Amino acid sequence: NRLLRHAGLLDTDVPRLHLFGAEMEGKERDGASDNETKSDSGVPEVPVPADDTPEVLNKALSGLSSRWKNWWVRGILTLAMISFFFIIIYLGPMVLMMIVLCVQIKCFHEIITIGYSVYHSYHLPWFRTLSWYFLLCVNYFFYGETVTDYFFTLVQREEPLRILSKYHRFISFALYLTGFCMFVLSLVKKHYRLQFYMFGWTHVTLLIVVTQSHLIIHNLFEGMIWFIVPISCVICNDIMAYMFGFFFGRTPLIKLSPKKTWEGFIGGFFATIVFGILLSYVMSGYRFFVCPVEFNNDSNSFTVDCKPSELFQLQDYGLPPVLQSVTGWTTVKLYPFQIHSIALSAFASIMGPFGGFFASGFKRAFKIKDFANTIPGHGGIMDRFDCQYLMATFVNVYIASFIRGPNPSKVIQQLLALRPDQQLHIFNSLKAHLTEKGLLPALEEAA
């Protein structure tokens, strides 16, 4: 007591000591409670991928600063990827479809691997198996729909394919239902929340990756120009925004990506608009790029030969008075597709980067630098295609809203698959309609 009085603690701080002890006990209890729930809510950090820059480049660029070394590495690998892109375009639409499928699988693998790394310590049962099973189910559904839609005559010609086509959606649902039941049976006590987290993780990944890649293939069937121009605009915007930001960037654009600047964003916008107009002008003159990709039943191969539509025929457009006074021209010859390319380029420049910002936010949430280290200086495949998937959705919506009309060849294919009595009924209905409109006599006279 004397010591406590001398120290000034008696009757004053003793209650505080008791309170401190009670708080410590409470914290210990809370800590124990946290430990009990940690197995259901903890999110450990994922290690940042190591630098995998080729040793040849490391030696060649060893004398440069890290900033300029990264610039050269990104530049060299970008040129290599662009060259590979030209090669697969030359190989034709079938190879492009295979590349899209490979990219889809790799992007899915990178995102699922992050989820597996985050929750690996909890040994969730069947997680990887179920994830890849759901990927198989979704691809079976989407590609089955595509085959039925674009290869209708081939499907009707082969008996097994006709049966699969007829019951395609039921089979797809049965496959998904099997995976759903497997997930329910795999639920483990104390890990319910984590398992439902990963169930949602897998399905969101499927929505982002598989659905968008399916839309890319649909765009490709409308004509390779609808595939090449949007992808090229995103690539151009990414490169030019990086270049303008690297040399002139001063003003930060968004906190999610500290290296993005307003100078790069604006410079990339104008450069992409000009690039889109020029690229569209060059490609619109070639049937290989503008014709829809169709399946030839006689040769069992894809064909891209047609008479170009008005969208890809030069037309005269009057210039505004301001431009007339500057250029001295009253009209200019353009392909109508070039007007549409301005909308595609603008979206790639303004809204496309938000796909990258979304990916940046995702990576920051899990404290990782890149989705993977597949491409030195660039990260994973998903790091390069985060903007492409958003662009694919826009192009598909744009075509459906402003470009695509009824396809007579598909209508005829469906009519030929009907029974003779159904075909005769449609023929009589169409004949009566044309006669009522006054079109049939004119057609008979012309014949």
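Keep in mind that glycine also has a Cβ here, set from the backbone N, Cα and C atoms.
Here the structure is a predicted model, which means the values were calculated and not measured.
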Of the ranges 88-114, 223-249, which one does TrEMBL flag as transmembrane segment?
223-249
Would you kindly list the residues that approach the transmembrane segment (337-359) from elsewhere in its chain, counting only those six or more residues past its ends and only Cβ-Cβ distances under 8 Å?
225, 229-230, 233-234, 236-237, 241, 254, 256-257, 260, 265, 268-269, 272-273, 275-277, 279-281, 284, 290, 311-312, 371, 382-383, 386-391, 394-395, 398, 402-403
Are the transmembrane segment (195-217) and the transmembrane segment (261-283) close, by which I mean at least 3 Cβ pairs under 8 Å that are 6+ residues apart in sequence?
no
With a Cβ cut-off under 8 Å, give me the same-chain residues at least six positions beyond the ends of the transmembrane segment (223-249) that come close to it.
71, 74, 78, 82, 85, 89, 93, 96, 216, 259-269, 271-272, 275-276, 279-280, 283-284, 288-293, 304, 312, 337, 341, 344-345, 348-349, 352-353, 387-388, 391-392, 394-395, 399
